[in-house]
There are 2 protein chains.
Amino acid sequence: MAEATQKQPNPTASRPVRCIVKLGGAAITNKGELESIGVENLRSACAQLRQAMSHSGATEKVAGMDWSRRPGDPTDPVVDAEGLSEMEGLGLDTNFVVVHGAGSFGHFQASRSGVHKGGLQSTLVKAGFVATRISVTSLNQEIVRALAREGIPSVGMSPFACGWSTKQRNLESANASQIIQSLHVGFVPVLHGDAVLDELLDCTILSGDVIIRHLAQLLNPKYVVFLTDVHGVYDRPPSDPNAVLLREIEVDDTGSWSIVKPALKGSNKGVEISVAAHDTTGGMETKILEAAAIARLGVDVYITKVGTEHSLRALQGDTSSEDWLGTVIRSSK
Amino acid sequence: MAEATQKQPNPTASRPVRCIVKLGGAAITNKGELESIGVENLRSACAQLRQAMSHSGATEKVAGMDWSRRPGDPTDPVVDAEGLSEMEGLGLDTNFVVVHGAGSFGHFQASRSGVHKGGLQSTLVKAGFVATRISVTSLNQEIVRALAREGIPSVGMSPFACGWSTKQRNLESANASQIIQSLHVGFVPVLHGDAVLDELLDCTILSGDVIIRHLAQLLNPKYVVFLTDVHGVYDRPPSDPNAVLLREIEVDDTGSWSIVKPALKGSNKGVEISVAAHDTTGGMETKILEAAAIARLGVDVYITKVGTEHSLRALQGDTSSEDWLGTVIRSSK
């Protein structure tokens, strides 16, 4: 890991990455229904991403980049080739990376087969690996298309196909040179949690959160945004009426964290922190740990609810005002 | 290129690749209709591939590996997890690589925008690059699913995502280590013609035929099969009633080729060789040149019509009998 990190070129010299965005599985899919996209949330997230990328903030002409047929669409897509060739650039700061979770895609296939446990000599695991990748890459395709319809030049990149692999579930090989090349020429890479090969277990699941941490380390973005289906991190399950939204968490050098805002009564040691009720990989503990690991790098992490004014402000990197609703996780230094 | 070839591990030491299969765009899509799959041809190609992979030749239990919803399917997929976990392996020699063309996918998007000419500073080209990749990866997804339904453990691998790139349209970087790893653990990599980055032109189209030649060089398969929509290579357009199917072509060390069977009257210099009328990249000349380049490596190339008894025999590597219909291209040595 550390070696892989060092070997790769540093893209920040030429064009610093502004933001890595996690589209949480719970935020963009309908958790109760197999392979069902949360169409409105996904559309909103893509439109807000475009707004955050926009130089002027004004609504420019959208250069639609999904020229494929839609299911049930009787006519071929219309492409304004002349109009596009006359546009002087997109007017967008495209220096973003998108990573998404699986939600109701992939989880069913992975859990039925136990892909995360490994063991490819088992026919069930081998079949489940194939089935899981089919499901998560379907979702990736839909997200790339939704971004492209908003005029965001997005390119899907599957971690498995990129050659990313793990060793005992820890990221072992994760060359990002193609991601960096793509950013350099103005594309927005779209990665996802994936089934990958594991040096010891044969195979496992690599979560989107682990991918984000690795990319944050490599690309040193200005900030990282997690879009989820609740307003942020709570002191107990958000369904609990007494749940308190934690507004600011600080992480020190050792990885220990403390709640800065709000001031909670008593010790925070016993706080049952909760981000999203429905996580397909790792759950809330992993998510907090990954977010804390990113904050330790000196990169602010904003966790907030998809499809709200707060998510737009997070994507714009502006969470300083008092009325912003979400959780900021940052380094105490 | 040569350097990249040398650097990569030689997989033939442990498990020789049996066959690289090209599913031609014209063979598996409906050329007249935008983004329309030739469902019956694709299904037949996948079933024949399974038969060719089968150790016993008999029909074993098919371990279906597409556990995703089908459009219009009201019910969730049924997965026989218990049955699968009891299976002792797949009973298949999965040491195959599949590469497919674009056909009615990608061609529209690429030609509307001129992606093959490069120039990413143009908004039209940038949008076309994104649109082309969306279209060809949609087709890749459908082919992976069709293979998975036949119990073939297929994994989609996009050349762009794999970091493959060109320089002035010649393959420049094409690391195959993930393909080799995947073969090693029993997966069937499924690649495709793709929009890629180009060191001099910014971007271009990398055709499936060029991918095949590179993989043949790296993996040294026993044979390569091109499945297309006509019986093989003809001496003139196959639509011409006087067209003669060329049964055997020999390629010498210099790359010159001569027709061994049938014995044609006069010189073959003027022969207007034709493979498939509808090629999205390169056309017939490129195809013959790529096939000849593979044959020069000492790897036999079989070109034949999809969905026939001849395609099954080609996939099984058995084209020796007189009644096999197709074109064999081999080295004269």
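For all residues, glycine too, the Cβ spot is worked out from N, Cα and C.
What TrEMBL says about a protein is an automatic prediction, not a curated fact.
According to TrEMBL, the substrate binding site annotation covers A:Ala102, A:His107, A:Gly208.
According to TrEMBL, the ATP binding site annotation covers A:Gly103, A:Asp229, A:Gly283, A:Lys287. Around the Cβ of A:Gly103 (ATP binding site), 28 further Cβ atoms fall within 10 Å across all displayed protein chains.
Residues or ranges marked as domain 'Aspartate/glutamate/uridylate kinase' by TrEMBL: A:93-304.
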Top Cα neighbour of A:Asp229 (ATP binding site) in the set of binding-site residues A:Ala102, A:His107, A:Gly208:
A:Ala102
How many neighbouring Cβ atoms, not counting its own, are there within 10 Å of the Cβ of A:His107 (substrate binding site)?
25
Fill in the CA-CA distance, A:Gly103 (ATP binding site) to A:Gly208 (substrate binding site), as an integer in Å.
11
What count of other C-beta atoms do you get within 10 angstroms of the C-beta of A:Gly208 (substrate binding site), across all chains shown?
28
Could you state the whole-number distance in Å separating the C-alpha atoms of A:His107 (substrate binding site) and A:Lys287 (ATP binding site)?
17
